[in-house]
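The structure under discussion appears below in the form of structure tokens.
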Amino acid sequence: PPLKVRATHPDCSIVLYFQEQEAKCLEIIRSESQMPAHPGRPGQQGCLTEWDGVSCWSAVPVGQSRAVTCPNILHIFKKSKALIQRNCTESGWSFPSPPYYNACELEAIGSNNDTEAKASYFVTMKVLYTCGYSTSLAALFLAVGIFSCFRKLYCTRNFIHIHFFTSFILRGAAVFIKDAVLFSDESIDHCTMSTVNCKAAITFFQYSVLANFYWLLVEGMYLQTLLLLTFTSDKRYIWWYILIGWGVPMLTVCVWVVTRLQYDNHGCWDDYTSLYWWVIKAPILLAIFVNFLIFLNVTRMLAQKIRSPGISKNYKQQYMRLTKSTLLLIPLFGVHYVVFALFPEHIGVDARLYFELVLGSYQGFLVALLYCFLNGEVQAEIKRNWGKWQSSMESNVFNLATQDFTA
């Protein structure tokens, strides 16, 4: 069947296609070399099976010929019924007739301006998501520091937030590590790159993405638990949350690594065309859709509580604040990922890249902003400690001045 170039890097798909064809041809050559009689052995005049860099030519006796068609690669070669022929002579294989460049016509490719525009586009994308992840990492580290420093902020809710922030930190760090390993050296052939460092970077990246999605799920589960338990938290659930947030991704990634090592250990494991990619993709889709259902259920429960005549005005205001926060948390629940969840990887690549790289890179900053910097409890604690620090400083200055005066 025609090769459908639908990986993240289409050029690599072409390279891998020819590598697979060459591997099959070399396997035929090895098997023929072990046979007791075939063209090329004593008493058997003929041409051996040969790979010419494009096609595999099967062994034939002298005086016969072989014919092949152009490589059937979608979007690279135009469909052509022309045959390329080679004859087996006493001196070996003849040259292909007609030559590949005459028989196989390439599809029209973009001009140099198009190529430069695409290169500029990807450079711009990288600059944008680098700025986004840098901003998010700075905000997330500050938010974790705030929750860790003030003892009055120690509670189950903020403990979950810290883990959630950590998953975003790991995801941002994984992006930078992946870029450094895969694209730091332009002389490296990324299509055939298959080093331990490369695979380790991709594995860490996949774990970080999975952990991020599952701590996103934990945040949704915790919000639903708060509503069901009438804002009464239960610390017994915290270990289940940790098991879901860190344990499920670890188990999934371990299964994926073992699967790739056993059945698909080629390249840098960064291709999304392999069937084994579903080992990672299926749990992510599960987390997304469960979170979406939780979001709908939370919205339904909040609407019921707000409309209830038995709720006091203070509780209604509290529910209204939760409703507004929930509506702001739509991107955090991964709802926008649902748009791309069921589409193949090659559809809407530009929009997918924009949402997942550019907008996704600022998601950590948005999380820190909503859960920490705009949190009234956090703001009050910072003001209280700032006031205590100012009073302490003024007291120290007064004591020093008094000591100098009395001395």
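One is the number of the first residue shown, and numbering goes on along the chain from there.
Cβ atoms are placed via backbone N, Cα and C, with glycine included.
Record features, source TrEMBL:
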type	residues	note
DOMAIN	24-108	domain 'G-protein coupled receptors family 2 profile 1'
DOMAIN	125-375	domain 'G-protein coupled receptors family 2 profile 2'
TRANSMEM	127-147	transmembrane segment
TRANSMEM	159-177	transmembrane segment
TRANSMEM	213-231	transmembrane segment
TRANSMEM	238-258	transmembrane segment
TRANSMEM	278-298	transmembrane segment
TRANSMEM	326-347	transmembrane segment
TRANSMEM	353-374	transmembrane segment
Checklist entry - Does the transmembrane segment (278-298) reach the transmembrane segment (213-231), going by 3 or more CB pairs under 8 Å (6 or more apart in sequence)? => result yes
Checklist outcome for this item: Across 127-147, 159-177, 213-231, the most C-beta pairs under 8 Å with the transmembrane segment (238-258) come from 213-231
Checklist outcome for this item: Spatial neighbours of the transmembrane segment (127-147) not adjacent in sequence (6+ beyond its ends, CB under 8 Å) are 153, 158, 161-162, 165-166, 168-169, 172-173, 175-176, 357-358, 360-365, 367-369, 371-373, 378, 382
Checklist outcome for this item: For the domain 'G-protein coupled receptors family 2 profile 1' (24-108), the averaged pLDDT of the predicted model is 79
